[in-house]
Structures are given as structure tokens and as C-alpha cells.
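Participant: According to Swiss-Prot:
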BINDING   C52, C57, C74, H77  Zn(2+) 1 binding site
BINDING   C93, C96, H100, C112  Zn(2+) 2 binding site
COMPBIAS  1-10  compositional bias 'Basic and acidic residues'
REGION    1-52  region 'Disordered'
MOTIF     109-125  motif 'Bipartite nuclear localization signal'
ZN_FING   49-126  zinc finger
Amino acid sequence: MDTSKGEGKRVIKLPGSQEQGEEEDDIGEDSKKTRALTPSGKRASGSTQRSCQVENCAAEMTNAKPYHRRHKVCEFHAKAPVVLHSGLQQRFCQQCSRFHELSEFDEAKRSCRRRLAGHNERRRKSSHDTH
């Protein structure tokens, strides 16, 4: 892969193909944002879901915070204790950024037990190392 640091572009040579594709870095409001070009030079189009993924929710996501747009969940359902998702009663996990069944949460917590256990383990290790 040839890289040109001055231009911020990478040229990708595909095996068995004469065409070349380019990736260009798009540095705007979010420096992590990148856009890819297809071998024909056109921008790749992704599926854009403009509403919350919870059943029967028509919340418009175009003006939502970037976090909620990225995870396709409106602010109300991200914080709701129970939502109907995929026909099941679930809750949005703040650590995983996914919906889990209610049985995976302790009481009213917003993070699933598995992720909380990992978080607590890391906390115990770091506090143990400092003593």
C-alpha cells in the first residue's frame, strides 16, 4: 500500500485488478470521521436509518446528539428502564451500547452485569496496584 503523507490519501492496489481505489480523510468537526471512495471514485453509500430502532418509535434522529445517531436510539429510549425491541422487553446498556434482556441487568442499573463486572475488576486492580 502506497501512502502519501502530504496528501493524506492512501492508494490501494487490488490483486488481479487494474483499478485503484482511494481513501481520503475527511477532517471536519470529528477528527475520527473518514470517508471511503469506491474503486470507481464514487463515495460509498451506507444505510441511513433516520429514526430510533425501538419498535413504534418515530423519533427523528437527524437533530439528535452524535452518540444517539451512531447507536440509532433516541435519548428517551436510551434512558428508559424498559423498551420493546425485537418483540422482547429490553433495556439499552450504556457500556455495550446495545439492547439486552432485562434479566441481564441488576435492578434499575443501565449497564449489564457482564460489563459492570469487568469495570469493577479493573477498578479493583488499579486501586490494589496503588497501595
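Glycine is treated like the rest: Cβ placed from N, Cα and C.
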Participant: Taking all residues of the zinc finger (49-126) together, what is their mean pLDDT?
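Facilitator: A mean pLDDT of 91 is what the model gives the zinc finger (49-126).
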Participant: Same chain, outside the motif 'Bipartite nuclear localization signal' (109-125) by at least 6, Cβ under 8 Å from its Cβ: which residues?
Facilitator: 79, 91-96, 100
Participant: If you run through the motif 'Bipartite nuclear localization signal' (109-125) with DSSP, how many residues end up as helix, strand and coil?
Facilitator: 13 helix, 1 strand, 3 coil
Participant: How many whole Å apart are the CA atoms of C112 (Zn(2+) 2 binding site) and C57 (Zn(2+) 1 binding site)?
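Facilitator: Cα to Cα, C112 (Zn(2+) 2 binding site) and C57 (Zn(2+) 1 binding site) are separated by 23 Å.
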Participant: Given a separation of at least six residues and a C-beta threshold under 8 Å, show me what packs close to C74 (Zn(2+) 1 binding site) in the same chain.
Facilitator: C52, V54, C57, A59, M61, A64, H68
Participant: Three-state secondary structure of H100 (Zn(2+) 2 binding site) from DSSP?
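Facilitator: In the DSSP reduction, H100 (Zn(2+) 2 binding site) maps to strand.
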Participant: Neighbours of the Zn(2+) 1 site C52, C57, C74, H77: Cβ within 8 Å of the Cβ centroid, same chain, sequence order.
Facilitator: S51, Q53, V54, A59, V73, F76, A78, V83
Participant: Which residues, in sequence order, are found in the same chain with Cβ within 8 Å of the centroid defined by the Cβ atoms of C93, C96, H100, C112 at the Zn(2+) 2 site, excluding those residues themselves?
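Facilitator: For the Zn(2+) 2 site, the extra neighbours are R91, F92, Q95, R98, F99, E104, F105, S111, R114, R115.
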Participant: In the structure shown, with every protein chain counted, which of the binding-site residues C57, C93 has the densest set of Cβ atoms within 10 angstroms of its Cβ?
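Facilitator: In terms of Cβ crowding, the pick is C93.
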Participant: Using all protein chains in view, find how many other C-beta atoms are within 10 Å of the C-beta of H100 (Zn(2+) 2 binding site).
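Facilitator: Taking every protein chain into account, the count is 19.
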